[in-house]
């Protein structure tokens, strides 16, 4: 479990990343809403930590890695220039695409979701989700490969 | 009991297959009128370019096709054809050609092109069946397939020979929608990825893909507003958007548009929004609802402010292209007329007249709202999709006549749902049998009322078939390259002037001759005469088109300068006055004037082409500018000779052409087709004696006119020399 906790701290998950922007601007509105706002976020974070299993942690580390990679490419593009624009786009969109695909997979792996939303049971559904995920990733990376030249 | 149900199921399945096959047969055969009546020929204007491009693709390889620089159009500019077309159509027929050849069935590429649209219409019927089955049941699906197979609104763009992008685009449209609805229902990455791939094919095939690009995000947006967000939608939309956008950028013509132009920003915005909503949903699941509410309001205000200001800033900074002219003209119908006459000049961009709706969809037009109402009764996610689709499309179809095509499938789907619901209720005899305790009289009345409803709708359906056949045979099956008319005795006469003239050019002009004609005929000249043109139906360069317009509307001497500057060898005009063919150049002339006035307001003014009373006339009241313009001269040159030097009548405009001789100095007539529809003039190349052509012309005329007098003249002068 130690590994898991570490990952949460190191993980620039979107949950945490968006926080500073929102709180700073929300301060302008009212102080009470800021308090409840941060409270909400704290509660969410706690709920997140408590529901984390090693498998999900692995997925989340991957998500964090993708976000970091995408951000890195974006910063690089801003600093150095976007000369082979399709190469930059290909790289950037591949991270975005992989991110949303992985989030979709994660949503389908969640036990609560699977029963409540997909009405699916057991392993079969998981395997199908995994197969879909691999198929879509292959398509994505094939196109990216073609796009980058 | 069990074997019975399985037998029933098998029978039902077999019946479905048979029905779908016969629907496909009906779809194909009702599009073959023009092939039977005329021949296997490519129709109209744009198809000729697609055909020429396909031939190029088949003769060369795919890479050559993508890098094709065409120096035979838009002389002297040329056109980067490979990068400015949607290759889907050509690649499809090219692939079919190759596959058939591998199967040792070598078929002429022209026949594949001609028959591609009917073949794909059969597939459209199948896609519509699947789509409607998802909405209601397979009964409604079969009905919708049957309706779309023969609906005139769709036939208008998919008869045999109308080898245009729309021919395959509607199939892809329906398939994409089917896959999308499936993806939404199942929340499956797989279906969504398939939908994205189909969307890619659609992007490759037709510019109308922007419709899907905006419709699907709008669907998601509306569902979010309705509070129907679920993880399934997240899966479906994000997968579709990420894959679809990336894939659409592979088409050279589309390029970076999906991230640069405002048309595509809605999709990106919804993509961002659904991420936030997903996050918000996650927060919601782990906190109390009151806390969540404040959280929601604070973040919503922030995000909307950020997003809108960001969009404005990026547009102002020039990073995102503002909306295109065609887009504006969708909202403001007067926009195109004021700012971009070239868009307004195309007849298919005109607003739709009311009868057209009935003409194209017959009784479905009044079943359409009923179908929408029934969809509102269920209002599942996929029904919301159809409702949005129909609302948007009804508007667009009202603005632009060509968008009738996109509306027709949804009309058929909604109509089919309405009819099928009606049949569900009125053909349900079980209820009738159950009320056995009631009096006999009641049952008869019930039966009677059912019979009346069923029979009247049966009549409507049969009548629909007659209507569709009639419309597609009379209105939509004319190739417009070859015209059909009736002789006085009622027999059919084929008017083949276009091909006659183009063939003359092909055989009699040098291979590198440059031909100037109005842009409508550019593709046909390229395809049939195989000669270089100045402008064509691609209309990518407004100034160049305006140049041609200026040449046509200037007096002869000024026009000659333009002709010489552009190396023009032949000028081709379409003249319908003799035959009463209304789609000729004199009727299009005002657009030429308007388009060139947009570029050179100081040289050309539209007002001066009207009479003092503001009428557009070609008879002796026609304004001086009109009578001096090159177009007028080329159209009516020697026209009165047909009438035996009597007053000549223009049968299109029903006006009498003034009797005076039209003199042409710098051009000479080289060909006029049988019914005078196509007239070809050659541009003279300077005078041998070094005079300018006006002087030479007037000298010749003097020499001719004064022959009687000059006969008396002693030829002393010459001898002395």
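Using N, Cα and C of the backbone, Cβ positions are placed for all residues, glycine too.
Among the features that TrEMBL reports, transmembrane segment is placed at B:12-33 (among others). Sequence-distant contacts of the transmembrane segment (B:12-33) (same chain, at least 6 residues past either end, Cβ-Cβ under 8 Å): 117-119, 121-122, 124-126, 129, 138, 142, 145-146, 149-150, 155, 158-160, 468-469, 472-473, 477.
Per TrEMBL, domain 'Oligosaccharyl transferase STT3 N-terminal' is recorded for B:15-414.
According to TrEMBL, the feature transmembrane segment maps to B:112-132 (among others). Sequence-distant neighbours of the transmembrane segment (B:112-132) (same chain, 6+ residues past either end, Cβ-Cβ under 8 Å): 20, 23-25, 27-28, 31-32, 35, 40-42, 47, 50-51, 54, 89, 92-93, 96-97, 100, 138, 140-146, 148-149, 154-155, 157-164, 167-168, 170-171, 174-175, 177-178, 181, 409, 412-413, 416-417.
Outside the transmembrane segment (B:138-155), and at least 6 residues removed from its termini, the chain residues within Cβ reach (under 8 Å) are 16, 19-20, 23-24, 26-27, 30-31, 121-122, 124-126, 128-132, 170, 359-362, 364, 404-405, 407-409, 411-413, 415-417, 419-421, 423-424, 464-465, 467-469, 471-472, 475-476. The transmembrane segment feature in TrEMBL is assigned to B:138-155 (among others).
TrEMBL lists B:167-193 (among others) with the feature transmembrane segment. Residues 88-89, 92, 116-117, 120-121, 123-124, 127-128, 130-131, 134-135, 154, 157-158, 199, 201-202, 205-206, 208-209, 211-212, 216, 230-233, 235-237, 239-240, 243, 381-382, 385, 389, 405-406, 409 of the same chain lie 6+ residues outside the transmembrane segment (B:167-193) yet bring a C-beta within less than 8 angstroms of a C-beta in it.
What TrEMBL lists as transmembrane segment is B:199-226 (among others).
As annotated by TrEMBL, transmembrane segment applies to B:238-259 (among others).
Long-range contacts of the transmembrane segment (B:265-283) within the same chain, counting only residues at least 6 positions beyond its ends with a Cβ under 8 Å from a Cβ of the stretch, are 213-214, 216-218, 220-221, 224, 229, 231, 233-234, 237-238, 241-242, 245, 258-259, 292, 295-296, 299, 303, 307, 311, 320. Sequence annotations record features per position, and here TrEMBL assigns transmembrane segment to B:265-283 (among others).
Below 8 angstroms of C-beta separation, residues 257, 260-262, 265, 269, 272-273, 276, 280, 283, 287 of the same chain, each at least six residues beyond the ends of the transmembrane segment (B:295-321), sit close to that stretch. The annotation transmembrane segment is assigned in TrEMBL to B:295-321 (among others).
The transmembrane segment feature in TrEMBL is assigned to B:356-376 (among others).
Through the fold, the transmembrane segment (B:383-401) approaches residues 135, 177, 180-181, 184, 211, 215, 218-219, 222-223, 226, 329-330, 333, 347-353, 356-357, 368, 372, 375-376, 407, 410-411, 413-414 of its own chain, all at least 6 residues removed from its boundaries and within a Cβ separation under 8 Å. Under the heading transmembrane segment, TrEMBL lists B:383-401 (among others).
When Cβ-Cβ distances below 8 Å are used as the criterion, the transmembrane segment (B:407-427) is approached by residues 124, 128, 131-132, 135-137, 139-141, 143-144, 147-148, 151, 153-154, 170, 173-174, 360-361, 363-365, 367-368, 370-372, 374-375, 386, 389-390, 393-394, 396-397, 450, 453-454, 457, 461 of the same chain, each at least six residues removed from its ends. If you look up TrEMBL, you'll see B:407-427 (among others) marked as transmembrane segment.
What TrEMBL records for B:447-466 (among others) is transmembrane segment. Beyond the ends of the transmembrane segment (B:447-466), by six or more residues, the same chain brings 147, 150, 362-364, 419, 422-423, 426-427, 432 to within a C-beta distance below 8 angstroms of the stretch.
Marked as domain 'STT3/PglB/AglB core' by TrEMBL: B:514-562. Assigned with DSSP, the residues of the domain 'STT3/PglB/AglB core' (B:514-562) fall into helix, strand and coil as follows: 30 helix, 6 strand, 13 coil.
Summarising the annotation, TrEMBL assigns region 'Disordered' to B:692-721.
Residues or ranges marked as compositional bias 'Basic and acidic residues' in TrEMBL: B:712-721.
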Chain residues outside the transmembrane segment (B:238-259) and at least six past its termini with a C-beta under 8 angstroms from it: 66, 82-87, 180, 183, 189, 192-193, 195-197, 199-200, 203-204, 209, 213, 216-217, 267-268, 270-271, 274-275, 321
